[in-house]
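If you look up TrEMBL, you'll see 1-24 marked as signal peptide. The domain 'Partial AB-hydrolase lipase' annotation in TrEMBL covers 42-101. Marked as domain 'AB hydrolase-1' by TrEMBL: 106-380. Summarising the annotation, TrEMBL assigns active site, nucleophile to SER176. Annotation comment: TrEMBL describes ASP347, HIS375 as active site, charge relay system.
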Amino acid sequence: MTTTSMHLLSAILLLFSFVCILNARVHPVPIKEDPETHMNVIQILSYWKYPGQEHHVITKDGYNLTIHRIPHGRNNSIATKGVVYLQHCLLCSSADFLLNLPSESLGFMLADQGYDVWMGNIRGNFYSRSHVTLKPSDPDFWKFSFDEHSLIDLPAMIDYVLNNTGKLQLKYIAHSQGTLMGFLGFSSNKELASKIKIFAAMAPVLYVGHIKGLVKFIAENYYDLDFLSWLLGLHELLPSGKLTHTTAELFCGKIDAFICEDVIFAICGPDQTGFNKSRLVVYVSHTPAGTSVQNMLHWGQAALRNNVTHFDYGKKENMKKYNLPYPPAYDPFNIQIPIALYHGKYDWLVQPKDYQQLSKLPNIVYQKELETFEHLDFIWSIHAAKLVYSDIIELFEKY
């Protein structure tokens, strides 16, 4: 076996391992399964007696995106503090802001505090899998990455929200890839940036040259994985559906749940004190929610270069798309809106050297390091409400 073949085989086995890991739906015994496990966002809102709406916006390139809305809290009939927009992370959906109890979930807390809460879903995830002409079975449907998320999806959803509420500005909260979308979208589009009062970034990612976990694996095996995806005709990665549920039953439902927990920590960073094991089945029934292989390869490119550029299609295709042999770089230092950064000390996806570079962005008005947090703690930890969400709500009072 040649060295190249060995590398390819290694990449295949490792990628298969990650697919099995990230598709896990854990059923820890004897923990009783929570009803939200089998609910969609609107059903979760109804279950907790919150008003819920589902909206749709068509992007300029034809993708049908779903936006969920909580117009007000349970105990008030009108939102008095304006509009807030939440953007989910990589492989996630709007559901991730609602998966703990109402007193512990960001979406519910903001609604109860008087905000009109809107939660977007980017193309390709569980809630945004349609297009005016393409079907998810068409390879062309999956020809996107965080370029399109940042430059097309985000403006479309924010403009829709503002047009429907009659507001001129909103407050933006994002997690992980959602923060990247903000950094790139707001620095590239001054008109879009003018519509943002303040940007709260949880587990902020921009530079990922020192990252650990899945993206590092993709970067280190980039060329093998790029070839492998082409060879096998793979376009979609880790969708939410019957296959993932079956995989979950096989790999976690029949195995000790602690193994599945340890795998999650191995990818995102070690758990400290805040992981709510009793809700794990709820979390992994909604996440992962799908993305494109091209998007994951784009993350791999960013990690290889330690810089954020547009997607690299190769010199020939780059000339067609960019009129340049190499993809143009983004300039996030053009961002001119107030930014608050919340990062975790044990976050393997936001490493100190990368965060140090990120923290040099202009207009950073607030920074907070969470001493015990890893990457997913910002949406799943039982301590996030007190240490992060309440802090954001208090900060937003100034804007």
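Each Cβ is built from the backbone N, Cα and C atoms, and glycine gets one as well.
A map of TrEMBL features onto the structure.
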residue : record                           : CB count, 10 Å
SER176  : active site, nucleophile         : 27
ASP347  : active site, charge relay system : 27
HIS375  : active site, charge relay system : 26
For this session: Pull the DSSP breakdown for the domain 'Partial AB-hydrolase lipase' (42-101) and write it out as helix, strand, coil residue counts.
Result: 10 helix, 19 strand, 31 coil
Exercise. Measuring Cα to Cα, how many angstrom lie between ASP347 (active site, charge relay system) and HIS375 (active site, charge relay system)?
Worked result: 5
For this session: Calculate the distance in Å between the alpha carbons (Cα) of SER176 (active site, nucleophile) and HIS375 (active site, charge relay system), and round it to a whole number.
Result: 8
Exercise. Tell me, by DSSP, whether SER176 (active site, nucleophile) is helix, strand or coil?
Worked result: coil
Exercise. Which value does the mean pLDDT take for the domain 'AB hydrolase-1' (106-380) in this predicted structure?
Worked result: 89
